[in-house]
Amino acid sequence: MLPGLRRLLQAPASACLLLMLLALPLAAPSCPMLCTCYSSPPTVSCQANNFSSVPLSLPPSTQRLFLQNNLIRTLRPGTFGSNLLTLWLFSNNLSTIYPGTFRHLQALEELDLGDNRHLRSLEPDTFQGLERLQSLHLYRCQLSSLPGNIFRGLVSLQYLYLQENSLLHLQDDLFADLANLSHLFLHGNRLRLLTEHVFRGLGSLDRLLLHGNRLQGVHRAAFRGLSRLTILYLFNNSLASLPGEALADLPSLEFLRLNANPWACDCRARPLWAWFQRARVSSSDVTCATPPERQGRDLRALREADFQACPPAAPTRPGSRARGNSSSNHLYGVAEAGAPPADPSTLYRDLPAEDSRGRQGGDAPTEDDYWGGYGGEDQRGEQMCPGAACQAPPDSRGPALSAGLPSPLLCLLLLVPHHL
């Protein structure tokens, strides 16, 4: 080493300055202003900063990006790095997502776009390329329709949150590519009809929530193929009748909620009543709204004599296909004109299980067991800071890097006491 350089390095301040100069070309990308970053796993947390756009110069190694509770309006291609695994954008002002925005995020596993009240439509290829996506959140937006191929190619998707939108209709085969989907949340929309092939392809579905819609008809084959479904919520709709064949296609069903519908307990109720005589499920009450002499009674508690004047019902067996030339009203179980509307229901969760003919024994699973790992979107939407991003345990994360304090400067600060 040259004598002059040796003397320079013997001065602590000079040595630190040289260290800073040498470190600059090798320094990791800086953390965006007002954000907090972690090194392991690479995480950028920028929530609740009133950002109107995604921060520039995000570290390309970022795997988790939290941008919720900002004012972001538009998403464009090239904004996000290809290493992302988790992307939270809920509770922003999103109104436009340009085609190709997520196309190169082939590693992405979770995408939360929920609670964006200005997001009224999506392009057909919005989610193209997200073959590893497992969880997609689109709750509480203003979506009134969905393109027929919007979910095409999402072969790894397990959780789909579409509740509290303004959806009026679901196209047949909308979910055809979602063979691994286990949870589908559609409650709080404006759906009026469930068609024959609306849920085709969902062979792994475990929970289907359809309460709080405006359903008037369910096709007798609407649930065909849902052989693993255990939870079905249809309460707080406008259903006066329901084809017994529809429920007969659900051999694994354990929890059924049908309350707060204007059930007609006349001859139209016989198929549903007959299904209840054979089924072993935990069910809510099914209160009769008509005819007047049966108003207030539970449909499940009716007797064979109550249907004595009805024409003989064709026997149905679980999983059997509908035969014959039936009218559309019979296929869908549509209520007659003038049926009273459903009473408003506040029972959106944790409904009591009422089933005198249901499972026996203390070891049977309860509904709470099935919901133990589910965090409602209402609670999540209020979350200002993900705990995993804001509190980094020392054994799982590297040091937090705050924007505005380059790490080489720490060296200079540590040397200050040597000169006092």
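Placement of Cβ uses the backbone N, Cα and C atoms for every residue, glycine included.
When Asn50, Asn180 are compared with the annotations in Swiss-Prot, the one labelled N-linked glycosylation site turns out to be Asn50. For Cys288, the partner cysteine in a disulfide bond according to Swiss-Prot, taken from Cys265, Cys310, Cys385, is Cys265.
Among the candidates Cys16, Cys46, the disulfide partner that Swiss-Prot records for Cys35 is Cys46. Within its own chain, the repeat 'LRR 5' (156-177) has Cβ neighbours under 8 Å at 114, 131-146, 148, 150, 183-202, 209, 377, counting only residues six or more beyond its boundaries. Local packing around the glycosylation sites Asn50, Asn93, Asn236 was summarised as the count of other Cβ atoms within 10 Å of each Cβ; on this measure the leading residue is Asn236. Comparing Asn93 (N-linked glycosylation site) with Asn236 (N-linked glycosylation site), their Cα atoms are 30 Å apart once rounded.
Counting Cβ pairs closer than 8 Å to the repeat 'LRR 1' (61-82), the top stretch among 107-129, 180-201, 204-225 is 107-129. Mean pLDDT, taken over the repeat 'LRR 5' (156-177), works out to 98 on the 0 to 100 scale.
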